[in-house]
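Student: What Swiss-Prot lists as active site is 90, 163, and the listing cites sequence analysis. Here Swiss-Prot flags 377 as heme binding site, drawing on similarity to another entry. What Swiss-Prot records for 1-26 is compositional bias 'Polar residues'. Positions annotated as region 'Disordered' by Swiss-Prot: 1-32, 419-443.
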């Protein structure tokens, strides 16, 4: 290709960020599969160059189309078959490439090589998702979020397929189809999309007490994260680590975001679902493109094998968590996401995660939900990705070579040489051969766990307590978080048509968790509260469960809207942007229209969004610079006033400099730490920074109920 075309290619093609050293071995492997059409001739799938891609071959200008038109037939046929089955759950997702870096040598716990060397980096591909809705549903619905990480280790792929909540709705995989059928849109009318606020879901969970703990998480702020980078992640199940000596410990996996754990408010989440249904996807993409890489730390809760029976819950029960006050989280590494995919379908849509993708040193427990997942994930890929060769798809291929006697099937890419496709064989020298277990690069050896018992269908008695940890979660929340949980239950149950379902949820589930919770919800949904039948649990709160204790302590990655109009004080704009940039935060200029804005000093400012196109729900705070004419224009426009009032109602910091301080009086905003006033942007910034660090101004929440929506 010519030098000119090479230059065109570098300027016009690709979605990568500029080179920031963000390549890795997996991305280098994918390079062989990347296609770039810049400067190339249009051709058929078989390489024949196309002279006319505008017209079907016809008999005369106005005559019938001819069947011999192989170009049209190939194009239409391919188009007709472009869609593949979407995931049954977790269909709506977004993903990114990155790396995991180990902090220390964990050889005392596991022989997994990617955890056995301090500083060792392992490529990863991470997919975040919602659960209930289809591919086209909104990002900000109330739902569990999937948090799946594929480690491309030297010893094979390890998939940590988790969620942003540490527990699940059911204890046994046999109930998974029932749960999913219940939460999905109802079969008679395919309503609702991306929501659990309907009869079949609440019918199921009100009849399934084991779901009580997880539903409490679902009704909490954890179900409406502000961004993927602000989510915790959990492996959900208890796994097993095995070292080279064959010694085992039990482990819970945790991802802790460096950006802090925080969420939207419910009204904000609903508005974002309409105004920017791609909000979480867009934020992840844009942050990576501008080099503001999301980062998490990996933590382990390690439980010695001989202590697994020392808790008042069963470690094999996926509806239970291990409180950090009982078993502290040991931070062992970090994960950085630093590159976006080149093609959504080829990477994000075709990636295949599976809890059974493990490497030597990581093993399973007898968690009955985990055991069922070990079957389900492979089974579902056979349909979704058209057969058993899904591991040959580039995004799924391991970095290490793989050799076995699996053969043929649809879309086979490997060209196997030799005559023997079985083992043992003598024709090909017995290859490929088994690898004995070893401290490094050995074969996988299942942990020798003693097992005994009769064949039966029964839950262990240790799985029977369904309300203690739901109560633990409730009592660990702040007053604001508890109010949000009550509001969420009330909203969801108000959508339930059958009074009997509402009554059962309140009187048979919530009343067994906490009488005050049940009473507050009952009053909102028209249910007569029953007398408590049993004493309710009174657990000691776990501070680690409240998001109020999980903020980052800085304002990195926060986004501030700067409202501008003609006559704005340009110095306030530049000073605040500079101050935010130094803290790792970002700001965008938002104006009445996309036309350039003339500052009071004659400078021309280019808006990066409009009041209608980038509403306040897209930002963490709003700042209005000084400038008499600009402030008057904003105060005379209902859209500008709504922008500020909506941000205030959503408990966000709103800051005013110079002449713009009059807007706070015009809107009758009561004084609180989030209403920041100052003569200049420099005066405003310390208070704005402090308010941003708190995420939201929770003490304002009660007062905002008087503000019309």
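Cβ from N, Cα, C; glycine included.
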Student: Quick check: in three-state DSSP terms, what is residue 90 (active site)?
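Tutor: Going by the DSSP assignment, residue 90 (active site) belongs to neither helix nor strand, so it counts as coil.
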Student: Which residues does residue 90 (active site) neighbour through Cβ under 8 Å, counting only same-chain ones at least six apart?
Tutor: 129, 130, 131, 146, 148
Student: Near the Cβ of residue 377 (heme binding site), how many other Cβ atoms are there if near means within 10 Å?
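Tutor: Excluding its own Cβ, residue 377 (heme binding site) sees 17 Cβ atoms within 10 Å.
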Student: Between residue 163 (active site) and residue 377 (heme binding site), find the distance joining the two CA atoms and give it rounded to the nearest Å.
Tutor: 15
Student: So for residue 163 (active site), how many other CB atoms are inside 10 Å of its CB?
Tutor: 24
